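The next block holds one structure in the form of structure tokens; read it before the comments.
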Amino acid sequence: MANIELQSVKPPIVILHEAFTNDGAYGNIRLVHPVGRPAANHVALFIPEVEADNAERFLEGMTLDGDRVLHIAARLEDVELVSAISVTERWRDAVHVTAKNKRGETALHCASATGNVAMIGALLTLLAQNSEMKMQLLRQQKDTRETCLHEAVRCGNGDAVRMLVQEDVAVVLGVGPNNGRALVKICDEQGVSPLYLATTLRHLEIVEFLTRLDWPQGYPAASYDGPGGKTALHAAVLLSKSYCTELSQHLAQWKNELIDKADKSGATPLHLLGSRTDKFIVELLLGLDPSAGYRADNEGSLPIHIAAANGSVAIVKLLSELRPNCCWSRNNLGQTILHIAVHKKKYNVVSYLCSIVSTRKFVGIFNTRDNEGNTALHLAVVQGNHSIFCRLMARREVSLSFTNNEERTPLDLAKLSIPPGISLFQGPRYWVLYGLLVAGADYCTCRSDHLATEPDEEKKSEVITKSAGLVVVCAALILNTSLTMPFSVSNLYRNPEKDIKRVVAYNIFIMSDALAFAFSAIAISCSTFAGLSSLEQRTRLSYRNAGALSLCAAALFIILVFMAGMYVAVGPLVHLKGNVIIALLYYITYPGILLLFAPYLGLAGSHMRALISRLGLRAWRKAVIRELQVRSFMVLPTIILSVAVIVAGMFYLAITSAKGTF
């Protein structure tokens, strides 16, 4: 057995702390009642009779962190030590059960954090004869204002939570509440109650215990408060679906008032559900509180507005069916759910609102103006979102000429939203402008020069120079390839046996290579002139555009060169029919090349469908012809058509010349 006097150079509490935390340091020291015997697996230190009067000095000291013997014993779950202290009056008087360390923790906080029910009971036994002190210990708050109940909930031990609450109930019924605060009502410095904490940690068993309805009379119900004015139901509805359903249903049925409780931003649990897709909880809350769907937050937004902002079509549809009057509601900015969906770029919500099934229900908000006078179409035009714009454009009920508070129509905003400068291929904003013009939209009643924007000439010159340099590099690569390809393939074409399929492929190869060489040379020449800053800017721009278009044509033909040359080189070596190869060249490869223009073709297609839906096929055709006579929006389709004609002519010549050789 170790001897106390051998380590007397250290403070007693340090000896005790090291004994607990380092088994090899002092032989696993334990303080044991003089008449008791230690457990079989403990090496106990019996206090000699000459030292018996000084045993209390082990119990009165503290570590640098302020921990006392009970703190250490509670963390290490040494129930025997606390029990030994509780049965010895001198030792019991020497310890301070309610003492705090430097973090404001009592020994009960430490015991609750471990979830050791026996340790919690042993500590409370030390104050069994003093109800006032026991109540003080139970409700002590550490530096973060957390109680022992917070620690037990965080640990997740339901038995520990049950013991602490039952002890608090006994104290309240015995001596009365302390300043009206029961243990289940005390929140930490962030406003988190034990019930809210248990909800966020998904401890359903603890939540059910804290929300029981059979508390003795005189003991208050548990607090449901959380940070920022939230409640436990706010936390429950945001959990994963498996936990959300059970917790939300239990809390909502426990106190219906939670459904209508708002946080500091005015958001109720139903507002938070707007970002989810769980319709069951929405139906449950609306069933318990029918008015919940009409509760607005601090921004004037109803739950259906939040659902629209988050793209939750299922919730928007459900709320519009269960609470139809909220469909036309507007927030503090005067925005409807259609305004919000357009502003947040939620195409799925806009598509649902504009669908044929929903038209009768939502047609009243298609032309509603917000506080700035903007309709949903105004917002779509400003954003340049062509998908949402086309969805709105397809509805004939959407007006194209409403003005906002600045007297701007959607066509005015489309004109002003196009950045000044140069653009070879028209982007989404150009197509929005084109769509409005074809559909017959009107400008506002103002002078045209007020809608014009002056470009930055210096920046425009810099853009021309940089883009011309890039075109030259790409065109030079194609030019170099087109120069070497004929010499590589011609050596493999020497075959005394005539094959019409290979002859056709070889003719296509030669003509495509010649066109690729010609267009790449044109691109280099034009881009070179475009890079000369001494020329007039308009002339440089024309050269730049011609060079870029020539580069596109050269890229199309160089890929045809590769495909035709590959067939000429390896055709005799593979067991595939020649007509299949020729079909692949035309029906797969060339459309694949056109994928370079897929974004622009997609824009054209979506706008065409929207305009046909709005105007009808005949009116759309007339409007397009009218616009083509005065505008140049169809440059790209014209270019594609021209290249297609060239390719078709090239195939015709290749086949004709091949037949002439036989």
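Yeah, the Cβs are placed from backbone N, Cα and C, and that goes for glycine too.
Heads up, TrEMBL stuff is auto-annotated, nobody curated it.
Look at TrEMBL and you will find 471-568 tagged as domain 'PGG'. If you look up TrEMBL, you'll see 299-319, 372-405 marked as repeat 'ANK'. Marked as transmembrane segment by TrEMBL: 508-535, 547-570, 590-612, 633-655.
The average per-residue pLDDT of the prediction over the repeat 'ANK' (372-405) is 92, rounded to a whole number. Here the domain 'PGG' (471-568) has, by DSSP, the following mix of helix, strand and coil residues: 83 helix, 0 strand, 15 coil. Each residue in the repeat 'ANK' (299-319) gets a DSSP state, and the totals come to 14 helix, 0 strand, 7 coil.
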